[in-house]
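These notes concern the structure reproduced below.
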Amino acid sequence: MGSKGGFILLWLLSILAVLCHLGHSLQCYNCINPAGSCTTAMNCSHNQDACIFVEAVPPKTYYQCWRFDECNFDFISRNLAEKKLKYNCCRKDLCNKSDATISSGKTALLVILLLVATWHFCL
């Protein structure tokens, strides 16, 4: 295939990737302090690329769509007006179940740092 044919194929694949991405929005459970388990699901807006589950003290739970780059203790605590909490952010459909593993902010930061270091050394 000539360079023109390769360029056209790359262009078509790029358009297809964009169209496929536009057709799917993340789904998350969406409840605040449900009486039982949360079963209400919603489609997240285009700028919300994560689901979040929060357990706050005194007992209060949140299930929501969220922005992954805002998944940190300080932002969540300030935004939800909760001082003591555990949270889990995830990026798959309906992944914010109450039985999901809860990560503290420090654990999430450690995992991110290890991933960045591994990626850096592999390049």
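Quick reminder: no glycine exception, Cβ is built from N, Cα and C everywhere.
Some features that Swiss-Prot has for this protein:
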type	residues	note
SIGNAL	1-25	signal peptide
DOMAIN	26-103	domain 'UPAR/Ly6'
DISULFID	Cys28-Cys51	disulfide bond
DISULFID	Cys31-Cys38	disulfide bond
CARBOHYD	Asn43	N-linked glycosylation site
DISULFID	Cys44-Cys65	disulfide bond
DISULFID	Cys71-Cys89	disulfide bond
DISULFID	Cys90-Cys95	disulfide bond
LIPID	Ser98	GPI-anchor amidated serine
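Cα spacing between Cys44 (disulfide bond) and Cys28 (disulfide bond): 7 Å, rounded to the nearest whole number. Residue counts of the domain 'UPAR/Ly6' (26-103) by helix, strand and coil are 11 helix, 31 strand, 36 coil (DSSP-based). Each of the disulfide-bonded residues Cys51, Cys65 was scored by the other Cβ atoms within 10 Å of its Cβ; the lowest score goes to Cys65. Taking all protein chains in view, 14 other C-beta atoms sit within 10 angstroms of the C-beta of the residue listed as 'N-linked glycosylation site'.
A gap of 10 Å separates the Cα atoms of Cys51 (disulfide bond) and Cys71 (disulfide bond). On a Cα basis, Cys65 (disulfide bond) lies 14 Å away from the residue listed as 'GPI-anchor amidated serine'.
Taking the disulfide-bonded residues Cys28, Cys31 in turn and counting surrounding C-beta atoms within 10 angstroms, the largest count is reached at Cys28. Taking the Cβ of Cys38 (disulfide bond) as centre and 10 Å as the limit, one finds 22 other Cβ atoms among all the protein chains shown. The Cα of Cys90 (disulfide bond) lies closest to that of Cys28, out of the disulfide-bonded residues Cys28, Cys31, Cys38. Local packing around the Cβ, expressed as the count of other Cβ atoms within 10 angstroms, is greatest for Cys89 among the disulfide-bonded residues Cys44, Cys89. Comparing Cβ neighbour counts within 10 Å across the recorded positions Cys71, Cys90, Ser98, the minimum falls on Ser98. Per Cα geometry, Cys65 is the residue among the disulfide-bonded residues Cys38, Cys65, Cys95 nearest to Cys71 (disulfide bond). Applying an 8 A CB threshold to same-chain residues 6+ apart, the list for Cys95 (disulfide bond) reads Cys28, Cys51.
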